[in-house]
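*Asks:* Below are the features listed in TrEMBL for this protein:
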- 2-68: domain 'HMA' (DOMAIN)
- 91-115: transmembrane segment (TRANSMEM)
- 121-138: transmembrane segment (TRANSMEM)
- 150-171: transmembrane segment (TRANSMEM)
- 177-197: transmembrane segment (TRANSMEM)
- 331-353: transmembrane segment (TRANSMEM)
- 365-390: transmembrane segment (TRANSMEM)
- 667-685: transmembrane segment (TRANSMEM)
- 691-711: transmembrane segment (TRANSMEM)
Amino acid sequence: MEKKKLLIRGMHCVSCAQNLENSLKKVSGLQEIHVDYSTSQADIIFDENKVSFASLEKHIKKMGYESYSFRPSLDEDRRIKQKEIQNTFKTFLIAAVLSLPFVIQMLAMMLGYAFSIPPTWQFFLATLVQFGCGGTFYRSSFYALKNWQINMDVLVVLGSTAAYLFSFYVYLLKLSYSFYFESSALIITLILFGRWLEAVTKGKTSKALERLYHLQPKIARIEKNGEIIEVDVASIQVGDIFMVRPGDHIPVDGWVIEGESSINESLLTGESLPVYKKQGSKLYAATINETGYLKGQASSVGSDTILAQILRAVEKAQSSKAPIQKFVDKISAVFVPCVLLISCLTILIWTFLIGDFTNGLINAVSVLVIACPCVLGLATPAVLVVASGVGAQYGIFFKQASSIEQSEKIKFLFLDKTGTLTKGIPSVMGIYPNAKYLKNDVLQIAASLENCSSHPLAKAILNEAKEEGILLKIVKEFNSFIGKGVTGTIDEKVYYLGSANFAKEMGIEIDPAFSLLEEQGESLVFVWTDHQLLGMITIMDELRKESMEVIRLLKLKGIYPILLTGDRKYVAETIAKKLGIEDARFELLPDDKMQIIREAKNSGKVGMIGDGINDAPALAEADVSFALAFGSDIAIEVADITLIRNDLMSLVDAIDLSQQTMRKMKYNLFLAFIYNVLAIPLAAFGLLNPMIAAGTMAMSSVSVIANALLLRYWKPEINRNNVERIVKV
């Protein structure tokens, strides 16, 4: 199977996209097809052994559309879009100039002046507009009808042509009826104006995605054969050493191997503060080096960088359909035939029941012109395109459009503890020396012993010693006792480090009060020698500073938080109590978490956030799942929404953005349905003439897109000054 993404040009309404999609579905060998009018894109999956890509392109051309391989380059894509906008504007401008005499004539009549364009000139001007400027509508209608399909252009052609032919009939036979040349000309002109506005506003919905594309640097400085040379970023390979000067963009993902600096990651993660980087810190392509000189080593290049993954996620979300949009598509599919039926009934009723053929024809034309399937077709995808782009600006990536809709409905949110509510990195919380010793004495012995150990808690003690500037001592005769602790000789003296049970085995007396610290979730490490306790170090996976605020805000949104952890009961309950979580589930295996979520789904929509491999089954089971980008690859792959910022507050932001997006969608659908429900009867009863109908129809699509564009101004509603946000990697 081969996958292709295409840019489609020549689609003028949602019916065009549906007709093209339905036609392509009939092609043998085509596995999957989705055509999106709002982004002018088509995603196809086909069996190259059964059908060639060239034959698919030929089929698209036969349908009357042009196709381009998606994004040969961003500049090429922009050039194609800009050319389409310019061509539409030129056509509209010519039509407007030719229709201007009709506008002057109507204004003169409204003001009481006797000004009338000679019939021959009316015929001449209307003909140029109808078949010159309106040629695009006729071409589109021809291809649609040729393939036994009906789109919006068919309605425009039927409406404007009916007005034109009636006027031509009156002109030719010199009858006493009024001309409607101005109606036919202004219908074409106003709809061209609407198309131009729609093209401009549609272009703005993808600005965020274009900005992400522009972030990709084109040139990088790498070290090769002892020299620093400039190369194309595309030629960098994993393992290459690259140099980054202050002000330069990081070319690829990698690690700092030399130097220190502050990196601006705001355009990638939404984090406003610069992130401090040192040796061993992770670097991301397209972020900006602000201060120091860095030397890095490439770890991910090309399509494997975080930026490339983000772009794919956003594109996938924009081209997918939310459940609410699929429902609208079904309505849109029968909309145009229904409008044709109403138009026919209008002229029949006015002619045979009322006895007024002329007004019947004009009203039938108004029905054809005012009906707008586009406003229905654009109501939800326009909002989705903007929402996915805005989310990308703040480090929130929706893999599917459906995840936006599901997030808005969350009733229960299950939260993993380690790495989600906590930092996921054990830290020294306190050092309690015996009266005869100082804190640094205890830390020096402990760090020297742990320097030889691979225990998970060893890193916490070593990091603390490094922060305090403690010099490590040489350890001889080191020995490790699995599950208990370690021992070693320092300055000809044997020292021990380990758990309370290990200390008791060695004859060390432990104060029972220390158990209170253990009940709070802290791990206790004791240091002793020759039956004498030097002191105790407490270590804990520290809570994120924003965790408590996140839980409070989730509750305000009516979401019930539940803690899931494989940790001990007293640790889970202590953390839950600190955060204000009433329900804590503990000592859980991955399958246990999955089963709990499965049962909860019977009571409402369930969300899950986690970061580890053990969270993957639960993430897959939830209605909508969130993963922190700094977690495991499996968790990120399974989750519906990836939060790129190392900040739990982005979970609240993602839910809030989903809620705002759904409000916009529902409001747009309300506008679309109300517009058509009110406008079509008004036109049928003769309360709207064709010109007003054309103008109203043109502006309806623009209003829906404009409403969607307001979402671009969405900002995380959280007052981030209440939460400390200094980030160090």
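Numbers here mean position along the shown chain, with the first residue as 1.
Using the three backbone atoms N, Cα and C, a Cβ is placed for every residue, glycine included.
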*Asks:* Same chain only, please: residues at least 6 beyond the ends of the transmembrane segment (150-171) with a C-beta under 8 Å from a C-beta of the stretch. Say none if there are none.
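*Replies:* For the transmembrane segment (150-171), the far contacts come to 12-16, 19, 119, 122-123, 126-127, 130, 134, 136-138, 140-141, 144, 177-181, 183-184, 187-188, 191, 336-337, 339-340, 343, 358, 361-362, 364-366, 368-369, 371-374, 690.
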*Asks:* Find the member of 91-115, 177-197, 331-353 that has more C-beta pairs under 8 Å to the transmembrane segment (121-138) than any other listed stretch.
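*Replies:* Looking at each of 91-115, 177-197, 331-353 in turn, the most contacts to the transmembrane segment (121-138) are made by 177-197.
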*Asks:* Which sequence positions outside the transmembrane segment (177-197), separated from its termini by at least 6 residues, show Cβ-Cβ distances below 8 Å to it?
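*Replies:* For the transmembrane segment (177-197), the far contacts come to 12, 85, 88-89, 91-92, 95-96, 98-99, 102-103, 105-106, 119, 122-123, 125-126, 129-130, 133-134, 137, 156, 159-161, 163-164, 166-167, 170-171, 358, 362, 365, 369, 689-691, 693-695, 697-699, 701-702.
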*Asks:* Roughly where does the domain 'HMA' (2-68) sit in mean pLDDT, to the nearest integer?
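*Replies:* Computed over the domain 'HMA' (2-68), the mean pLDDT is 83 on the 0 to 100 scale.
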